[in-house]
Amino acid sequence: MNRGNALLVLAVFVVASCGLAYELIAGALASYLLGDSILQFSSIIGAYLFAMGIGSWVSRYVADDALLARFVDLELLVGLFGGVSAAALFLLFALESAPFRLVLYALVTVIGVLVGMEIPLVMRMLHRRQAKFSDLVSRVLTFDYLGALAVSLLFPLVLAPRLGLVRTGFLFGLCNTAIAVWTLWHFRAELGLSARLRGAMAWRAGMVGAALLAGFAASDRLTHWSERALFGDEIIHAISSPYQRLVVTRWKDDLRLYINGNLQFSSRDEYRYHEALVLPALESVRGARRVLVLGGGDGLALRQILKYPQVEHVTLVDLDPRMTSLFSHAEALVALNQHAFSDPRVTVVNADAGQWLQTAADMFDVAIVDFPDPSNFSIGKLYSVPFYRLLSRHVADTGLVVIQATSPYFAPRSYWCVDATLKEAGYRTWPYHALVPSFGEWGFILAAPGRADFRPPTTYRVPTRFLDADTTHQMFSFAPDMPRPQVEPNRLNNQSLVRYFEEDWHGVLR
């Protein structure tokens, strides 16, 4: 294989890598901003592949003597549209009246059509250069699939967590532009263009490359602007991990944590949430010495648990080390959780909660389950019958489990699905709720795998700002406008809770 053919085959590797990268960026961005990762990735992939098919069909109309020139144009267009896609979508989503979904799928379609034209053009160029057809197909497809493999590994493990979606988009746009420049230079004698036209193409390539380089350099600023517009407050911490996007904002004395764009707490009223989550269970298991926290990487549930001097050990299991590190070291956040992670009674385990429960042998008097809302299947499995059965093996016969369970007012089917799932897993349950102004009416469920009775506490042995005998009594009483609907338990094979959650919140949130 001569040098020109080898370089064209190498271009296939880069083209395939970039094409899959834009698909992954669009899917990840849609999941981050719109939720429901299964639906978003499925629809993005379907639209992208359909558009690639259109592009492959359209490529037949490119004249043989214009293949190289059109390939250069394609690479510049793919680099431009693909490179700016993440930044443009981030900024667009922050505009309330913007047609985000329309623009998202329009971009996916345009990029898909352009990418779909690339490989057929390369194959035709190689065929015209006397490459044997059987060798041509095998080499092109081999490097096509190798490029896809490389990006499918690098994107979730390195690129997205270290560079972020916006900078990753610009990086791959630069790769497409580099292929265009290299093709323009190496095959300049075969382009069949005048020096003036070649100069115009080089000028266009330079402009696209300069724009993408500027975007790459300004990626953090662009992300900050878009998230500032989205959240409305000053951003004091913004971290991308392999698992999620963490953003902490501040307005006056109000600190707020967002995970993948969803509010997790406001420092103005989080004490209501965390007192309601933790204190009824710990007051009801008077001799609780060992406590398990699943999730809760902000340390705010820990703060409430550590008020009890009889608690000897707390194990906190949170998937994301970036989360627990942030709330262990950032000054304002450490002050909020009152240095909970520095308490010698606390052990932090950064692991998947389900996998940790399968291997651990520890037993606990109280288990606090404070996972994010079940907005996708990866979180929904942590609200399933098998998970709760696994958890019950680690709770003492007289112990209690408490679970944050979304809103019984805004998401009634989701809330009562958690209750039904716990019952299906063999627990007795005592549902309750509390008003948290930043969330609205929020729900929790106390559950016991062994004990048969529970009475809401009438006094608290630790200082409280929200709970007393009256508020506790009210928490365990449901008004007529929060009835229990008919729901099915959440099992791994149906993930009904994720469906309920999406349907309940549709129309409540954007």
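Backbone N, Cα and C atoms are what each Cβ position is placed from, and that goes for glycine too.
The active site, proton acceptor feature in Swiss-Prot is assigned to ASP370. Within 10 Å of the Cβ of ASP370 (active site, proton acceptor) there are 24 other Cβ atoms, across all protein chains.
Annotation note: ASP298 (spermidine binding site) sits in a coil segment as assigned by DSSP. Long-range Cβ contacts of ASP298 (spermidine binding site) within its own chain (separation 6+, distance under 8 Å): LEU257, GLN264, PHE265, MET323, PHE327, LEU333, ASN337. Look at Swiss-Prot and you will find HIS274, ASP298 tagged as spermidine binding site, backed by sequence analysis.
What Swiss-Prot lists as domain 'PABS' is 205-449.
Annotated region 'Spermidine synthase' per Swiss-Prot: 207-456, in sequence order.
According to Swiss-Prot, the feature transmembrane segment maps to 6-26 (among others), an assignment based on sequence analysis.
Marked as transmembrane segment by Swiss-Prot: 38-58 (among others).
According to Swiss-Prot, the feature transmembrane segment maps to 74-94 (among others). Through the fold, the transmembrane segment (74-94) approaches residues 15, 18-19, 21-22, 25-26, 29, 33, 100, 103-104, 107, 110-111, 114-115, 117-118, 121, 165-166, 168-170, 172-177, 179-180, 183, 204-205, 208, 211-212, 215, 219, 222-223, 225-227, 229-230 of its own chain, all at least 6 residues removed from its boundaries and within a Cβ separation under 8 Å.
The transmembrane segment feature in Swiss-Prot is assigned to 102-122 (among others).
Remote same-chain residues near the transmembrane segment (140-160) are listed as 9-10, 12-18, 20-21, 24, 28, 119, 122-123, 126, 168, 171, 240, 242 (criterion: CB distance under 8 Å, separation of at least six residues from the stretch ends). The transmembrane segment feature in Swiss-Prot is assigned to 140-160 (among others); the stated evidence is sequence analysis.
The transmembrane segment annotation in Swiss-Prot covers 165-185 (among others), and the record cites sequence analysis as its basis. Beyond the ends of the transmembrane segment (165-185), by six or more residues, the same chain brings 7, 11, 14-15, 17-18, 21-22, 25, 28-29, 32, 68, 71-73, 75-76, 78-80, 82-87, 90, 155, 159, 191, 198, 201-202, 205, 208-209, 212-213, 215-216, 219-220, 222-223, 240 to within a C-beta distance below 8 angstroms of the stretch.
Within the chain carrying the transmembrane segment (38-58), a Cβ under 8 angstroms from the stretch's Cβ atoms is held by residues 19, 23, 26-27, 30-31, 105, 108-120, 376-377, 498, 502, all 6 or more beyond its ends. On the backbone, the CA of ASP370 (active site, proton acceptor) and the CA of HIS274 (spermidine binding site) stand 10 Å apart. Within the same chain, residues at least six positions away from HIS274 (spermidine binding site) with a Cβ under 8 Å of its Cβ are LEU300, ALA301, ARG303, GLN304.
According to its DSSP assignment, HIS274 (spermidine binding site) is helical. Mean pLDDT for the domain 'PABS' (205-449) in the predicted structure: 94.
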